[in-house]
Amino acid sequence: MWQIIGAGAIGCLWAANLLRIREKVQLITRRPCTANLLQYQDLLKQQFTFPITTSTSLSSTSDPVLVCVKATQVIPAITTHLASIDAEQAIILMHNGMGCAEQVAKLLPDNPIICATTANASLLHSPLNIEQTGKGVTYLGAYNNKGKLFQSLQVPLNSALTNTCWCEDVNEKLWLKLIINMAINPLTAIHQIKNGQLKESFFQTQINSLVNESLAVANAEGVTFKKEEILAIIQQVITLTAENLSSMNRDIFYRRHTENEFIAGYLLKSATFKQIHTPTIMRLYQQIKALEQAALAEQ
């Protein structure tokens, strides 16, 4: 059985596709959920309905736990279910940003920990009602030595959503996603625009600066990319998701906490430690933080 913490867009996307291949799934939710049917529309507009088991408590088993909550919610979620997590359980972390795995490893020093990043996308229309809006590659790999023993988990995950790959150096994939998120999410959130509007020259200039600064930090951390390739990937993402609203855009719109600390914040911490000047990242980080604080003051 798969236990999935988080009944948001990504958690439900994995739940639906694991159920589609007849895997057993339990969705772990923050609040009691009365619904027991998961509605899913795929990219071909086909409609599926799956019976789904939900619970506010993690079952005490050795089954893998797929954590699909925002980076800000990972530690609270793990802490909530700490007593139910077996030391042999594989914990798969799938979220934007970086920095959570280190914190989880401190809470669960004996557990196999796997980090994952996905380019699949979906839209949560209402509780347990999702529409897949994008298809892409999912990468997963071991964060610690025990995680290396669970490469076999890639097989059912790939059957559920194709192009799910195990990689020996998942850190590089996480950095790539971090740099893409840094280039897209804050700008779309601050200006409340769709991803496609980032093609305008005003934003392209800022994206170029963000990439320069992000690559300097990555390089200092021992992760190297070619700038031209990164810029090409970012432009491709902007084109393919032109009509989409980034998750940070929606968080600001709905006055929710964003993953700012785990995207720009993570880069800034590393930049400070490595003594790298990152003025553009700092400016956007501060703007998002100000928007979050303003929303908090209104509540």
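Cβ coordinates come from backbone N, Cα and C, glycine included.
Per TrEMBL, domain 'Ketopantoate reductase N-terminal' is recorded for 3-144. The feature domain 'Ketopantoate reductase C-terminal' is assigned by TrEMBL to 169-292.
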Original post:
For the domain 'Ketopantoate reductase N-terminal' (3-144), DSSP counts of helix, strand and coil?
Top reply: 33 helix, 50 strand, 59 coil
Original post:
In the domain 'Ketopantoate reductase C-terminal' (169-292), how many residues does DSSP call helix, how many strand, and how many coil?
Top reply: 95 helix, 0 strand, 29 coil
